[in-house]
Each structure stands twice: as C-alpha cells, then as structure tokens.
Amino acid sequence: MAYPGHPGAGGGYYPGGYGGAPGGPSFPGQTQDPLYGYFASVAGQDGQIDADELQRCLTQSGIAGGYKPFNLETCRLMVSMLDRDMSGTMGFNEFKELWAVLNGWRQHFISFDSDRSGTVDPQELQKALTTMGFRLNPQTVNSIAKRYSTSGKITFDDYIACCVKLRALTDSFRRRDSAQQGMVNFSYDDFIQCVMTV
C-alpha cells in the first residue's frame, strides 16, 4: 500500500524523504545557511529547540506570512512530528526539514484559499487532502473538518496543525504496516503512545 507523501504514493505532496540526521552542534557551512540565524537565535547550547523556542523562531522568521503566528499547540505538534528520539526537541536538520514542509503546506493552503479569505472551507480541505494523496472517506474528512474549523472555516494555523497531525499519524501507521496492506494491529499502549505523542 502506498501512503500519502511517501515514495510510490502517487499524488504525494511532501518533497524529499523523511530521513534526516538528528540536530546537534553546527558543522562547517551550517552557519552560512540562511535558516541558521533564525534557529540559532533561540536554540540553547545543546543546539536543540523546544516548542516554545520553535514558536518564537517561526514568528521571528515570518514564515506564516500575513497569517496569524502559529500557536503553541501547533508548534508542539510540529516538534512531535519530527521528534524521532522522543526528546521533545528538534535540531537544526529537523528544523530545515520542517521549514521545507511548512513552505510547501503554505503554498498548498494559498492555492486552495480560492476566495483569498485566509481560510479554507471543508470542501477546499477535502480537495487539498486529496491532492496530497490522502484517500479518506467522506465521514473521516467531515470529522477532520469539524475538529479543525471554527464557524465552518479553517485558518492557516489550524490547516497546518491538521497537516502535521495527518503526516505524523500516517508515518506512525506506516512504520507498523510492514506488509503495506493498510491495516495494523496495535497493543493498547502502542496505540496510546502513537496518538498521545502527536
């Protein structure tokens, strides 16, 4: 079974692979990366940032454009999406991966915000998810739209939170679906860990 955003998915949206070395101290040339200044301005001595620092970093960078800056819960989701070592932080390489994904999702959001209201409606969300390779039944899309909308509209921050959660849960599911059949068996603890860490 091909998963959205992964090689062989057809219609996947995420650029590149999901691999990436964990962050850490800078390496030669890293300080020349234009993103490093944003990252280094909030990172501690360990070269890692947590959700609070990520929120400050993304706000300073202006990646949200004219949209409201990301709230802390969305930043927690972003960290958890790339937190492969379960440290609650991300290094510079993970930050760069996040930056690329966020830029792609922002462009995607803009392309589906046809009336330029700064929001997407549930029908636009369904089209967006379909073009990202998610094949979800209408009831699932309806549940997602209800979870992330306010008065029937989904803001940029909520759209990003939705994309982050879908990617993280899909990645978690894919790791457990070794036969790629679209079905897995979870122990209760494994299931709780999967959904509570996203």
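Note that the numbers count up from 1, one per residue, in the order the chain is shown.
Cβ coordinates come from backbone N, Cα and C, glycine included.
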Which candidate, of S114, S151, S178, Swiss-Prot gives the annotation phosphoserine: S178
For the domain 'EF-hand 4' (134-169), distant same-chain residues with Cβ under 8 A (at least six beyond the ends): 4-5, 14, 64, 67-71, 73-74, 77-78, 80-81, 101-102, 105-106, 109, 117-122, 125-126, 128, 194-195, 198
Which recorded positions sit within 10 Å of T119 (Ca(2+) 2 binding site) - Cα, from D83, D85, S87, T89, E94, S178: none
Top Cα neighbour of D85 (Ca(2+) 1 binding site) in the set of recorded positions D115, S117, S178: S178
Residue, out of the binding-site residues D85, E124, whose Cβ gathers the largest set of other Cβ atoms within 10 Å: E124
Neighbours of D113, D115, S117, T119, E124 excl. site residues, C-beta within 8 Å of centre, Ca(2+) 2: F112, S114, R116, G118, V120, D121, K153
